[in-house]
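As annotated by TrEMBL, domain 'Flavodoxin-like' applies to 15-159. Residues or ranges marked as FMN binding site in TrEMBL: 21-26, 68-71, 106-115, 141. The domain 'FAD-binding FR-type' feature in TrEMBL is assigned to 215-466. Annotation comment: TrEMBL describes 369, 401, 402, 403, 404, 435, 436, 437, 438, 615 as FAD binding site. Annotated NADP(+) binding site per TrEMBL: 479, 534, 535, 540, 541, 542, 543, 544, 577, in sequence order.
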């Protein structure tokens, strides 16, 4: 941990913070822990769980785990390898007997498996001999003040526990909140403009020997970008097709291409900020977009962002890397206050970043979804004086967005399709709130000239049966039907006819995605289609109602023919409603008691015959 001049971290306490983060919140909290350790003269390292050599845990005396829970109780992508390792049954019960630990969880109490990952990890660490400094912290997005309402008092207790045996020496005091911590990097501006081709090669070159990845995405030509909802429908939903010829993933895996994709996989897309927002950001901060720089870490062991070319222009940094359209977290206001030289603005920023100011921060920023750029415009004197060295500390990097692949290579060779709901909604702010990636994709028009989008593919959360003649029941309301279109196309191409689709939407003539395709497959005997149009009658009808109505069919397929059941869509209420419908079917059609029906459902989940892919 970088110290200020003349200060060295206390040698007696080695603090390790390991995080599992899906959207960046757990990483942000981990970096807050690092800053608070620095203010207390403690040495601290911060790493993503999957980048840490997990076998080294046996040598760590003090570890804080910060873990989000995603979907239906799943660990984030960057801790899945750690998760598999730590739950190995052959690990000795004394493996971590020398380790003191604490677990901080981040979740949403509106979901059934609230903070499931943190709770389960806490129990597992105890089983392996670790000593818990504190009960697990259960941060809750649903709290009116967000997870900090729980995190703040928990951290207060944590530091008392950590510092108990290591109090600050008499000649040292806690660094006050208004003092900025050192930046992670230094930006060295170049006097001469380098050749643009070297910068382009850093980000567009694709290794023909390996599959596309986050470090080397494939720049896929966009073929079509078509709105598939009716003109009077409240939401703009796009069917977008890419040409992936030459990507290394453009042939079916059945043909022996190891890096190809199959039904259930997802595509990740790296979006960009709008040109107008980039221009406004540069104006507010007084930056020259054409200025080039190189980035240097201040400390050994700190790596520069892997995707960032060296040298790089301010224009590229802001348009492709800095997430200026995100809603800033409390740490943003904390650092901005430290960097402010304007008395009134600094006072307000300190208030918004304080524990006492969280209701004001929520009202000003979180509830109306005010963006980083909008906040900087509200504090112009501070924004105009931000040292460029701090840009990467202040503003998070744009994260790739994952979309279910909605097509099979067996039906659409060398093509990849996605179904994108364009996110736009109103808060009390005048400007509508817009999802960065969906709106960027919607704005691209291949009819006006060549359009290329950086993308790569990774395995998704759904796996479909490999054994022939195994039926599948898929429940995909709205855009949740996307992964099941890929699966049904793949299965039909392989001669599998046991496909049952429960599809739900508002109105047949407005948002019935791929109606003609489903109808044609049904006519051919390849598909049983069941629809629920929720707004076409006085009483709303959803997919769970159709499941109950067809209980004998569902029970017969599951119990007699070994069918697999899949569910995709919004994570809020639908998964619980569908699970309740299934439990009722097991009782009514299978004659099971309530506990036996619940156990039957749990067995389906455990054997991967009931799989879900949901999103907030």
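A Cβ is built for glycine as well, from the same backbone N, Cα and C atoms used for every other residue.
TrEMBL annotations: computationally assigned, not manually curated.
Remember, it's a predicted structure, so these values are computed and weren't measured experimentally.
Comparing residue 71 (FMN binding site) with residue 479 (NADP(+) binding site), their Cα atoms are 16 Å apart once rounded. Using a 10 Å Cβ-Cβ cutoff, residue 438 (FAD binding site) registers 21 neighbours. Across the residues of the domain 'Flavodoxin-like' (15-159), the predicted structure has a mean pLDDT of 92. Considering only the binding-site residues 21, 108, 111, the residue whose Cα is spatially closest to the Cα of residue 402 (FAD binding site) is 21. Summary: among the binding-site residues (24, 71), the fewest other C-beta atoms within 10 A of the C-beta are counted at 24. Take 369, 401, 402, 403, 404, 435, 436, 437, 438, 615, the residues named in the record as contacts for FAD: the widest Cα to Cα gap among them comes to 26 Å. For the pair residue 541 (NADP(+) binding site) and residue 24 (FMN binding site), the C-alpha distance works out to 37 angstrom. Sorting the domain 'Flavodoxin-like' (15-159) by DSSP state (H, G, I as helix; E, B as strand; all else coil) yields 58 helix, 36 strand, 51 coil. Considering other CB atoms within 10 Å as the measure, the emptiest surroundings among the binding-site residues 369, 535 are those of 535. Among the binding-site residues listed here, namely 438, 479, 577, 577 has its C-alpha nearest to that of residue 108 (FMN binding site).
In this view, the densest Cβ surroundings among the binding-site residues 111, 114 belong to 111, judged by other Cβ atoms lying within 10 Å. Within the set of binding-site residues (108, 577), the lowest number of other Cβ atoms found within 10 Å of a Cβ is recorded at 577. Residue 404 (FAD binding site) sits 9 Å from residue 479 (NADP(+) binding site), taking the C-alpha atoms as the reference points. Shown in sequence order, 237, 419, 420, 421, 513, 569 are the residues of the chain, 6+ apart in sequence, with a C-beta less than 8 angstroms from the C-beta of residue 479 (NADP(+) binding site). Among the binding-site residues listed here, namely 438, 543, 577, 438 has its C-alpha nearest to that of residue 24 (FMN binding site).
Between the C-alpha atoms of residue 369 (FAD binding site) and residue 577 (NADP(+) binding site), the distance comes to 29 Å.
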